[in-house]
């Protein structure tokens, strides 16, 4: 049934006689069967008075899908209460024949050949989806097409196919039959009207299967082949293959006959016959093989004949394997002399013997035959001796062994050999001798006669078997005699045994003897030797104390805490040796207190007296000390014999220690004071006493400033507390002041008391608004109109009556218009009786006339005395849409660059909206915005273009009063530094404010400038850059810029190491193009050239006395350390100044903080002002510092104190007694900061070497000098961060480096070459400072690396007296150890020491300078750097007295730490010369037995003289070098990863040049250019396949990474000479061009001869060795991209043969041009020779390449690699990053490629493709068109946010600049296609993290 056809009609009655109307509804069920899918629909039809429901088909019906539908029809009548009824309609579908039979997939079958007819082949099956018979009955037949019915038949019912004939596969292999399937009824499908059934056909492919019914066969009856007799086993001789007509047959091969001895074999499956056994031509030279081929059913055979070819396979054979003969040594008669003859024969048959003899081995020198001892006749085999031979040692030999060879084939065949031995017969020609110069023996003292002492043995090189040539006898030639004249020693003549001839030798009388022994051989030849006989000691001498009376003071113990360290070390004299004595000490228990002490024997023979029981000074019996007796025994205490004992007295004086802290009489005192109490008022008095020193201990008082940070109180020496600063109850109503009582003990003890100060209120605050009221009243509203209800508040205490009720009234001084428009009514009962004001408006307002009004309201409180204050109510006029919309436009400025420039910022006292506004507020006129005025005036001041001034942040910091942060950058050629812009704006602040119309409230935004505003302690500014841009919306102008602001961090930024180091951080960690690399413990900077600071800074700068240099201001830190070094000959000059550089504006409170350091009369003077008074500190050094030598200044300051130290007080007067005295008056100055400001707050440039500002009018008590410094300054550090002195913001009269030092080094360069170091010069001398790993005066001696193993160490002995005040330790080490001691130096008994060690992977240095106490140990470490990473590290420790510093890998930041305390501490260290040890703490536990504690393993080597030339006297278990342990052995990494030896550790990583993919499973080519490897503006090009990169250098630099400056010959000419040559050349060139119509270099004449076009130099293929040529546009020549291993201009230099060369464009001239040029030059030659003043070669000016430029390029831009920035005259600026996005074909994204613009090969390629000759204008226009037509180039031209009114924007944030014409989210991924420099811009707009400045 078709769609739309009616199925049936139904009718229902309404049941209401007079209202027959009914309504039908076809209900939708929940299943398809109940009409869920609207298969049927209902139509209501009226016929006469009846209403019918007709049901129609809505969608096609399918019986096969659903056979029945159950429809529900609902009918309702039209009564007052509608009644309804439902009925069910069952629709049964009848099947029709509409489905086609479909075959089940079966396309190919197989039947074997030879099968009889009627064999079943397969069964086909088709399915008909009709539901009823016969529609779904299928019948089969074979169509007669292709003749298939002739070979096969099919069963009509079942579809089984049978064969009709017997098949042969070799005739035909496959058949295709066409099978038809049809159903059993006429088709009901549309368009099939002939009544035929539905049918379908399908091809069935039937293959004929193969049977093995044919035998294999060979193509030939006989096969022949040859094989050499020496062929290897498995060598294939011939392959014989059989064939078989049967495809399924598998042929196998077998040799059945003729294979004698199994010489051959055949591969069963291939028929390859190969050698299976040894072949021998001499035994059999032919084989006839029968080869059978079988297919397992049939077989066939053929014959294979193999001929064996003869080869030379038998070497010659000597008649004996060894020949031996004898000749006499040193026989020089009849040379050369025949020795013997050898004979060899050849075993090869049928070959002509042609044997050649030759020799090798001892006595044969093939390279220099004249040195040979033997020779042979190559034909006869006769061997001759050529020279006399020496038999005896040391140079001779008793037997000569060499080899004789015989080679057949005339010397080109096989070789046989035999050994030849020539023995030499001895003659007596060598005297005996003693091998050692001196022999040492020993004998015990007091022994008997005849005791064996030693044996002396001489050597005779003659043959002992030859007669008596080497038979020796011994005698004593020089003997010793005793006091009786008796010979002391005798010797056995035959054996050489020496023994005593007398008894009772005494070691103490004569410890050793020397005798001379003679040895004589049988021929009478003699030799002598010397013996030293030492007398061995026995314990026969008594011990004796070095002093009979000892005195020692000792501290009383703290309770039962017994000290481990000895209080006294005693020594004894004993003439016996230490190893003989067994000393034992003890305390004799015969006196009071002897039981409180004990003696311990030390390994060096001394005795240590230790405390055994508690000592108490307060015990009256003990207070006066102890007199004890000590005993020593040299027999281990086992003998009581008096001659083994000695006694001494020890007087122990007990010292009182500070073990009692002071006690307050009252520990808590509370007082009340009014807040207006006068300064100096006494509050309370504290008294404390101390029980120590018999109650005589002195107690001092102080206030813990953590409880009184504003220093509002003070305490006197008498404990009286008074007020020293005004109090304010509203600020702090209650003070808890901690009072400290400190005694004078060592160390001092402290007690704490609390003073509670309650501040009572007075009425000192005026009332003000309760909140910031900003009511909005609508315009066009009739008056009166209520504006606001105003309430007030007062900070004073209302409980004291100092507050409400308040009285309100309008300020009588209010403008007349305000008094006319508004009314203020006071309501005393309002606000619960506190009083309030109601403000009403009395006029109708128009917002377009004025948008807001300011109503001043006077409020009076009820306190005594009454206080009155005025608050201003801001009334905003609300807007109504009462004005027509007018056409207009809007300028939207979008700034978004993240180039990391040091930016200049300032506060502006104007609103952000007003700053960018161009529409006048009073009318509709357009004015120049302050934004553009500011750019104009800055450009004028800096003498640059306005376009070079970029304002990219206008940040509304505060709305009322309006304050706006403005950030901008500016550049001429380089970008100007922030310090220069700070200074320029500060110095011209008034001019800028006047021209721009703004009020600059701060230059250089510094949230730390106002003390205690944001932080109470240290403060650091941190730039925050938000992901979303900032939008400032004015009526006709919108500014979209970088959303950045300053966040104050309450930390000392230089010492804040909470964030991990990374090469990605900003600003970049490495200066001056230093190469940054990330490591496990932070970053490492690899520097070039003269950049030798820890972060590649230039460390030194010189000044001419009238100069200055600007740098970033000093950061604010609570505890600061500033250090610098200087050298000068002038007595006066300003070293540095940091403070204001302009006077404050009228009525402006200026920040007057400053710090200055200067030389005055050759001595340092320090001035500092924290804003509350100026402190002056001078140092009266013993000698003036203007002596031409380097001097160091250290300046330390905190909240209250400041000090300056000269040269680390190296020349201070020190008395290192029990109570140390340190006189630092000649090297140190101290000062107190005038109260009460506590921090140095500066944000103007730090000026070094002088100042560049006018005299200021601040009220400083002291003024710094304005006289400039003349000399050199270096190593300027502030809080461990070094200033880069090579890159000032601005400078004059100054340059990097130090010319006087350079001159001194250059003058001494012949006598003092620094091979591996740098020269440090002064005005008068120079010396070498060696690189790590080198030492010596010339840095030419490499230090040796050692690998320390278990229990290893090196003990050194110093060759000089170590400095007691200074210790300098430098060494390199690498380790993966968690703990281990690197270095220690100690005093004789180890109580004074300095130790450098690794603990918990961190570097620690600890030392103790107090030999009397172990509690004075001081420790210094680097907590933020781990060193156990397996990398080489360089550490330097410097100790000056009790101060110390530690630097790792150059120091700076987290790699530097210091101790600066010194008061009351010991300063000198007694160092034993032989107690210097590397590798651990060596303990001697017995004779020759050592234990190494805190053992260090792995690699270490000293650097530049840790101590000048120490030499090692003892070492253990060391390995030379620092090898790894092959960690990659037996390690198999999954491909493509390879194992990398990381030194004692392995890692599976990618090969060099590749990086791991994001999934961590594979490796990909690393972009070597991401690390910016090209220096000096070179452009990096990445090589594919991990081959690294290459650099395209600018003209001034060359080398693999553009690191080398090109040295050029420069001719200096006078102006007249230059003018003459210029005229000459212009004349030549004009004639040349006119006559020849030729173009300048790089161009060629066009075809019409009318213009010059760019010449494509690449057409001549100038690049050699596979280099690729790129033509430069605009006549700039070409350049070659060279393959790996080649360089130079045309890729013609091997990289290992050439250094840095300069590529020069070649100029090709014709012969006529050359003739004209030569003729013209000849005419002017005489003129040129006269005019030229001189010609010389010189380097470019300036050691650092700056010349006279004030502003250094370096670091103005820290690489324009990150989006935008840069100039074409900086660092070879590349336009590549600014290209528009392109697709894979090199076309702009979104553009359609045309035939006139072929795709570019490389979208990053700078050059025009070879062959192109673009016109400059076309070139530029083409790129402009591309940019204009680029659909993706932001920003899109569309303007939203037409609504504007008010003081701010309501448009919201343009978070992604997605203001395009569609509403889809903008995708900025295409920015990645612009090149790597725009990838970070894409990150900013996309999901990447933002980066900080």
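Note that Cβ sites are derived from N, Cα and C of the backbone, with glycine treated the same way.
TrEMBL has this to say about the protein:
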COMPBIAS  1794-1805  compositional bias 'Basic and acidic residues'
COMPBIAS  1806-1818  compositional bias 'Low complexity'
COMPBIAS  1820-1829  compositional bias 'Basic and acidic residues'
COMPBIAS  1846-1861  compositional bias 'Low complexity'
DISULFID  1087-1096  disulfide bond
DISULFID  1330-1339  disulfide bond
DISULFID  1574-1591  disulfide bond
DISULFID  1593-1602  disulfide bond
DISULFID  1663-1680  disulfide bond
DISULFID  1682-1691  disulfide bond
DOMAIN    17-103  domain 'Cadherin'
DOMAIN    110-218  domain 'Cadherin'
DOMAIN    219-318  domain 'Cadherin'
DOMAIN    319-434  domain 'Cadherin'
DOMAIN    435-545  domain 'Cadherin'
DOMAIN    565-664  domain 'Cadherin'
DOMAIN    665-769  domain 'Cadherin'
DOMAIN    769-889  domain 'Cadherin'
DOMAIN    1059-1097  domain 'EGF-like'
DOMAIN    1098-1298  domain 'Laminin G'
DOMAIN    1301-1340  domain 'EGF-like'
DOMAIN    1343-1522  domain 'Laminin G'
DOMAIN    1565-1603  domain 'EGF-like'
DOMAIN    1654-1692  domain 'EGF-like'
REGION    780-810  region 'Disordered'
REGION    1784-1893  region 'Disordered'
TRANSMEM  1613-1634  transmembrane segment
TRANSMEM  1713-1734  transmembrane segment
Spatial neighbours of residue 1663 (disulfide bond) among the disulfide-bonded residues 1096, 1330, 1593, 1602, 1682, 1691, defined as Cα within 10 A: which are they? 1682, 1691
Please work out the helix, strand and coil residue numbers for the region 'Disordered' (780-810) from the DSSP assignment. 3 helix, 12 strand, 16 coil
Fill in the CA-CA distance, residue 1602 (disulfide bond) to residue 1574 (disulfide bond), as an integer in Å. 6
Just checking the disulfide-bonded residues 1330, 1574, 1593, 1691: which sit within 10 A of residue 1680 (disulfide bond), CA to CA? 1691
Specify the nearest of the disulfide-bonded residues 1096, 1574, 1593, 1691 to residue 1339 (disulfide bond), where nearness means the distance between Cα atoms. 1096
Filter the disulfide-bonded residues 1096, 1593, 1691 down to the ones within 10 angstroms of residue 1574 (disulfide bond), Cα to Cα, kept in sequence order. 1593
Segment-level pLDDT (mean, integer) for the domain 'Laminin G' (1098-1298): 92
Would you say the domain 'Laminin G' (1098-1298) and the domain 'Cadherin' (665-769) are in contact under the rule of three or more C-beta pairs closer than 8 Å, pairs 6 or more apart in sequence? yes
So among the disulfide-bonded residues 1096, 1663, 1680, 1682, who's got the most Cβ atoms within 10 Å? 1096
Just how many other Cβ atoms lie inside 10 Å of the Cβ on residue 1591 (disulfide bond)? 23
Measuring CB to CB from residue 1087 (disulfide bond), give everything in the same chain under 8 Å that is also at least six residues away in sequence. 1070, 1072, 1074, 1075, 1093, 1096
Kindly report the helix/strand/coil residue split of the domain 'EGF-like' (1301-1340) according to DSSP, in that order. 7 helix, 12 strand, 21 coil
Count the other Cβ atoms sitting within 10 Å of the Cβ of residue 1593 (disulfide bond), across every protein chain shown. 26
Under 8 angstroms, Cβ to Cβ: which one of 565-664, 1098-1298, 1343-1522 has the largest number of such pairs with the domain 'Cadherin' (435-545)? 565-664
Using DSSP, how many residues of the domain 'EGF-like' (1565-1603) fall into helix, strand and coil, respectively? 4 helix, 11 strand, 24 coil
Number of other Cβ atoms within 10 Å of the Cβ of residue 1602 (disulfide bond) across all protein chains: 25
Would you pick out, from the disulfide-bonded residues 1330, 1339, 1574, 1691, the residue whose Cβ has the largest number of other Cβ atoms within 10 Å? 1574
What is the separation, in Å, between the Cα atoms of residue 1593 (disulfide bond) and residue 1330 (disulfide bond)? 32
Secondary structure tally of the domain 'Cadherin' (565-664) (DSSP, helix then strand then coil): 10 helix, 43 strand, 47 coil
Structural state census, the domain 'Cadherin' (319-434) (DSSP three-state): 6 helix, 49 strand, 61 coil
Given residue 1691 (disulfide bond) and residue 1330 (disulfide bond), what distance in Å do their CA atoms have, once rounded to a whole number? 38
Distance check, please: Cα of residue 1591 (disulfide bond) against Cα of residue 1682 (disulfide bond), rounded to an integer number of angstrom. 11
